[in-house]
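Feature list (source: Swiss-Prot):
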ACT_SITE  208  active site, proton acceptor
BINDING   99, 100, 101, 209, 210, 245, 425, 426, 427, 428, 429, 459  substrate binding site
BINDING   170  Mg(2+) binding site
């Protein structure tokens with residue numbers, strides 16, 4: 001075993017600890033809560049310091065969003081499918097999004113397509129980030145080489161794009177427990193992501209934000225995920241952005257009642273004469289019933305159970321009783337019970353009504369053991385307020401592009417955390433034509449920006465735009481042959497001066513030729529862009 005100078009070892013450790021403490025004093029972290037210490041972080045680092053490009057990209061992203069939030073403007077983007085799309089997006093948009101939905105359907109690391117259930121291997125989205133980030137680096141090198149080898153008097157005619165737009169990627173629910181979240185975060189940092197978002201659904205039952213049947217985890221469990229992301233990023237020395245998504249606006253189930261902050265939104269049965277639903281269903285199955293018969297039994301039980309939130313059960317008890325000043329009693333109860341656990345709310349209700357109100361959250365539990373839950377905008381606000389100290393941005397998944405709802409959410413969050421940056425999904429799952437007029441569509445992003453939604457994105461625009469042009473071209477090509485290619489693809493490319501019209505140059509053939517010439521002393525008989533290359537036809 002190698003001998004160790006313990007004094008030097010401890011000195012280096014303390015120097016690193018002090019460096020982390022100094023890092024955390026940066027204004028970047030002025031709203032960030034860390035329930036761990038710099039000593040704990042440094043102790044989990046190796047002795048070889050690695051500088052990750054992700055850190056540069058994260059700092060760049062933070063600067064963009066800080067400026068947007070302060071100016072009440074917006075950085076908006078959409079889900080990128082592959083490098084061709086990336087190189088066109090960077091001309092006009094300042095961030096790039098990588099969608100788990102798109103990756104699930106088109107880029108699983110098993111090559112098995114799937115809907116957005118996050119049942120693909122956890123390296124799927126990081127691999128897509130890596131593909132795009134490597135393309136960014138390559139096209140940036142290609143552009144620099146072309147510019148620096150062009151005389152200054154002609155250089156203004158050479159493109160000068162920022163290929164290194166920060167990438168924000170979908171981490172779904174983290175693909176497992178907290179160690180999985182940390183490993184997934186590590187993958188994203190290693191692959192070049194500037195930020196990731198993680199949602200508060202349960203991993204085994206995760207659904208697309210616009211599917212039914214979503215099951216939440218308790219608030220505390222999702223906070224642990226956010227802390228795990230920050231801890232892993234800190235271990236790696238990066239400013240990676242963590243975006244907290246809540247699916248609570250439309251959720252109907254939750255895994256546990258352990259967190260008192262969830263209690264106000266849990267549902268319970270108010271009919272004491274009914275046996276628990278699961279007991280009834282097990283007995284029905286054992287008697288030979290199945291399928292539609294079981295569904296009918298469950299529907300009948302639900303209809304009789306009087307399922308509601310505890311607050312509503314208290315309000316109904318007061319309204320149905322012989323109390324004087326019912327409105328005053330209701331307001332008194334709601335004020336006193338706000339933010340309290342169910343046991344505390346029960347005691348408050350008994351003190352006001354003089355009775356124990358029957359309300360049982362175990363009775364309606366599902367066969368999977370989940371508790372029933374009533375989401376909504378205020379439910380999402382409740383969760384967002386809890387997540388805010390641990391998240392750089394917060395996103396509420398919603399059913400519709402509803403400005404009034406978006407304002408209610410933003411106002412609710414900013415009443416507690418006025419500095420909180422927000423994100424918004426401009427989802428293709430919405431019927432935009434039915435939702436608003438063309439004039440409203442034109443201003444929707446800007447109007448949301450005024451509310452603090454400084455980062456907005458169309459998750460699947462890459463998928464849909466690819467499908468549309470593919471359908472248009474395939475249909476025309478089948479009928480018109482090469483005329484379709486000329487009219488629908490090549491001529492519009494040339495008119496718009498899309499760089500990929502000269503696809504050999506776009507792919508970096510010149511860069512590779514020059515690299516070969518460099519290592520062969522300037523002579524190469526196999527240059528890809530030499531005499532005979534067909535792209536000479538496109539020179540004006």
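Here the Cβ of each residue, glycine as well, is placed from N, Cα and C on the backbone.
Structure with Swiss-Prot features highlighted.
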residue	record	CB count, 10 Å
99	substrate binding site	26
101	substrate binding site	24
170	Mg(2+) binding site	28
425	substrate binding site	22
427	substrate binding site	21
429	substrate binding site	15
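When the alpha carbons of residue 429 (substrate binding site) and residue 170 (Mg(2+) binding site) are compared, the span between them is 17 angstrom. For the recorded site, residue 170 (Mg(2+) binding site), the DSSP three-state label reads strand.
Proximity note: of the listed binding-site residues (99, 101, 425), 99, 101 have a CA within 10 Å of the CA of the residue listed as 'Mg(2+) binding site', given in sequence order.
DSSP assigns residue 425 (substrate binding site) to a strand.
The DSSP secondary structure for residue 99 (substrate binding site) is coil.
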